[in-house]
């Protein structure tokens, strides 16, 4: 007999059998009785099933490696095949497909409209504050302050075109130089990427979908931040963007042209203008330093007005201020003259929901913000569900291959540049990089578009939004043509420079790796995604802006040590990953620091505890409301919420004693197995309780 009988005829499949063990034998068909094997004594030996826990393979077999979470999932079609349907089923399938397509277009339309209303809501909430940021000209000469002002203003108004138009107006009025406006343009480029990051939060229900969607959204953020980290110091030292755009304007003669074609606005404006209409000139007037604009409302009341010029008697300080000597007289106290005065006559009111409301801008903004976020979330959920039901089987295979497959060798390197052109063209059509990237985010989440393909599409959207700005600048009046065109060209060449830095060489595509790392963290700790948004788009810009108000010495004194600390951590992390041998033993990992300084687990425990306490309080409120409802209704149809039932069940389960599980002599058995059988069998000379389920 072998020294290790458990290993005889071993096979990874637990359904295989071994020989020489006694116990309850399964029935052997008559045709197999003649082929049963015998042992040395000549007695027949039956084959019995070996429980997995009795096999030494449980100890020596390595677990299979997990699948890569970044691999695109197989969207299998579990429905009835087309060939298996009858005529009625085929007709119903066609109508279902048409209905799903119509619903998809409808939800996509509501999705884009909700983004437009969301932008208006942000302008109502923070538009005047954004204008005040621009009106503080004392710190605009600081490039770092200009950068964070661009980020904050674009985040507040949720529109890079609005912030760019404010900058153009200030440059045309000589309130701001082109050199000081370039860092603000860079900040606006960063701030516009927050929209699709917010959209990615709506897919937090599924961890793998959220991992891909959040990484696909933040690849835009990392590209913009990395480009600014390199190009802002370069621009501050050499002013290459200013000189390059000056050279372009002097080389080519530009004339006033037509505005960029409104393709998407023509479809969405009839609906969004029924909800809210804003007077965006108020923000520009606040930025220009007009004190009277602070008391104006951003909500547009009168859409049709007429300006009339009339002659009116006005008082002047002295006769020298009169229009002419013939139109000047005094009454002994004041000097009067006749002047032309322009009066605006209101003709017709706007037709939107809030035109007759007397609510302040902040209240209307909060209402629209809440409603638009709810609609945005609902539309995104339905779009993902519809895409998940449509993109199955052969259709999904064709689309995934079309979007993610490279050109054949030796032209594979051209695929990414074609994707950049496609992204630029699509953004030019919809006239908004936020709309294009936000619509692409759910496709990344469900696995139709890979992160590697989404990256060049996102870079193309950055180019597309600048071409729209260039066409809009060409439609500007003559006094603002040069300034607006130069700023649009600065934005264009900034994005071109970023692409040259972070795309042509595969090794330099750091945004993809950083976005995947952040996606892994956010999938494990989903609260970290919200922290990322608040920290990088609100707290950090506000902190830098506050330090800029205190002056250069304070900004340098606080910022330089923080930057040096970040660089030290990055260098140490790189050495730990690449060359750990040159480091002391203590510095080869982060265990010398407290756990909360190098791990998110303690913070996750705190947040989980806080959310569970909030859930219990919420459930208590639900239980009270439920009981009041039952008392009022006088029936037993009302039921408490699901969370209340779960809490009550958990409390009951804690009071039920758990019976100790049966013990096993075999060391390969798990110590915590439940005894569900009553029969006893003898296997390999050892007695054990039979188990129908092993945990």
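A Cβ is built for glycine as well, from the same backbone N, Cα and C atoms used for every other residue.
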Matching range for Swiss-Prot feature annotation, transmembrane segment, among 409-429, 430-450, 451-471: 409-429
Residue 71 vs residue 513, membrane side identical per Swiss-Prot: yes
Listed as N-linked glycosylation site by Swiss-Prot, one of 136, 356, 520: 356
Given ranges 321-341, 552-572, 573-593, the stretch to which Swiss-Prot attaches the annotation transmembrane segment: 552-572
Listed as N-linked glycosylation site by Swiss-Prot, one of 313, 691: 313
Long-range neighbours of the transmembrane segment (552-572), counting only residues six or more past its ends (CB under 8 A): 142, 144, 544, 583, 587
Secondary structure composition of the topological domain 'Extracellular' (548-551) [DSSP: H/G/I, E/B, coil]: 3 helix, 0 strand, 1 coil
Arithmetic mean of per-residue pLDDT over the topological domain 'Cytoplasmic' (1-90): 52
Pairwise Cα distance for residue 350 (disulfide bond)/residue 356 (N-linked glycosylation site) [Å, integer]: 10
Nearest of the glycosylation sites (321, 340, 356) to residue 313 (N-linked glycosylation site), judged by Cα-Cα distance: 340
For residue 295 (N-linked glycosylation site): DSSP state (helix, strand, coil): helix
